[in-house]
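Everything below concerns the one structure shown next.
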Amino acid sequence: MLKMLDGWVCAFLLVLYCSVEVIDASAGDADPRYRVCITQCQETGCVAQRCFPNCKFSSDGEFIDRPWYMQQEPLYLQWKKWDCQSDCRYYCMLDREKERESHNLGPVKYHGKWPFRRIYGMQEPASVAFSALNLAMHFHGWVSFFILIYYKLPLKDGKKAYYEYAGLWHMYGLLSLNSWFWSAVFHSRDVDITEKLDYSSAVVLLGYSLILAILRTFSIRDEATRVMVAAPLIAFVTTHVMYINFYLLDYGWNMIVCVVMAMAQLSMWAVWAGVSNHPSRWKLWLVVISGGLAMLLEIYDFPPYEELFDAHALWHVTTIPLTYIWWSFIRDDAEFRTSNLLKKAK
Ligand SMILES: [Zn+2]
């Protein structure tokens, strides 16, 4: 009886251990040889023949001589530690991957990420480049929307746009630029602060675009109703951002929040495209269907081709043309609403 119980306890602990390992580490950094390499690197500042100047922070401990305000200067040391840690992780990973390759083993993940080749110190150069292209695409879309509204379409009393959602889309443009900027930064250097900035801006953008989807698809033009719709969502997004920044960055929970907000707005646009007689509804269909398909890339996570292009980078590629179509829909909507309002006014 006791033996059986022991067996159960062992099995239970094993399952617990495995699930903790899955959450905590990837196959690559769970490897004891990789761990030994990291420990050695942080002590000696070297991996094989290669040494990193940033790992020599133990020698400058002469902080005591400085005045008190200089002692409180952890920022550059923090950067040095980050640099040391990422150099150690990178070169230990390259060593392990070379070894694995010589044994005909495929690549494994390290700290939740595939082994990428660094270019100009960027951790995931492909994702950085594609984030920058997304940023450029949003900038182009936003500028052309601005020009259309204020220079091409007629203005109310010569200064205000007829299109009731102009202000909302301007804000959307700003939040998109912000989000893609931090995405590019995060993919160049993955540390605690860049990760939180990227995740937070993405959540803010998703939450805001959900509000925008509700306001546009239900044609809510009254200011008081807009505030009533937005308030609970703003409260939720604010709480969630505070939670992931100051309490716990729970990837699973964050993923659920993002997927639910994304699915909600995609389905709202899809239903609206189906029931409204908007002249550009085919653009909505295109964005919703290809956006949904592209999300599969985030689920079918494959290792990087040529140590550069992985599923996540490809997902960032697909949003580039979608962004173009999306802003072109927004411009069409502005034209459509303006001409409707002018027709009514006559
Ligand atoms: Zn990304």
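Please read every residue number as a count from 1 along the shown chain.
Glycine is treated like the rest: Cβ placed from N, Cα and C.
TrEMBL entries are annotated by machine, without manual review.
What TrEMBL records for this protein:
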type	residues	note
SIGNAL	1-25	signal peptide
TRANSMEM	128-151	transmembrane segment
TRANSMEM	163-185	transmembrane segment
TRANSMEM	197-215	transmembrane segment
TRANSMEM	227-246	transmembrane segment
TRANSMEM	252-272	transmembrane segment
TRANSMEM	284-300	transmembrane segment
TRANSMEM	312-330	transmembrane segment
Could you give the residue numbers and ranges of same-chain residues that sit at least 6 residues beyond the transmembrane segment (252-272) on either side and whose C-beta is under 8 angstroms from one of its C-beta atoms?
199, 202-203, 206-207, 209-210, 213-214, 216-217, 240, 244, 278, 284-285, 287-288, 291-292, 295
Looking only at residues six or more beyond either end of the transmembrane segment (163-185), which have a C-beta under 8 A from one in the stretch?
127-128, 131-132, 134-135, 138-139, 141-142, 145-146, 149, 153, 194, 197-198, 201-202, 204-205, 208-209, 212, 215-216, 221, 316, 323, 330, 333-334, 337-338
For the transmembrane segment (128-151): best-contacting stretch of 197-215, 227-246, 284-300, 312-330, by Cβ pairs under 8 Å:
312-330
Short question: which residues 6 or more past the ends of the transmembrane segment (284-300) have a Cβ under 8 Å from it?
262, 266, 269-270, 272-273, 278, 311-312, 314-315, 318-319, 322, 325-326, 329
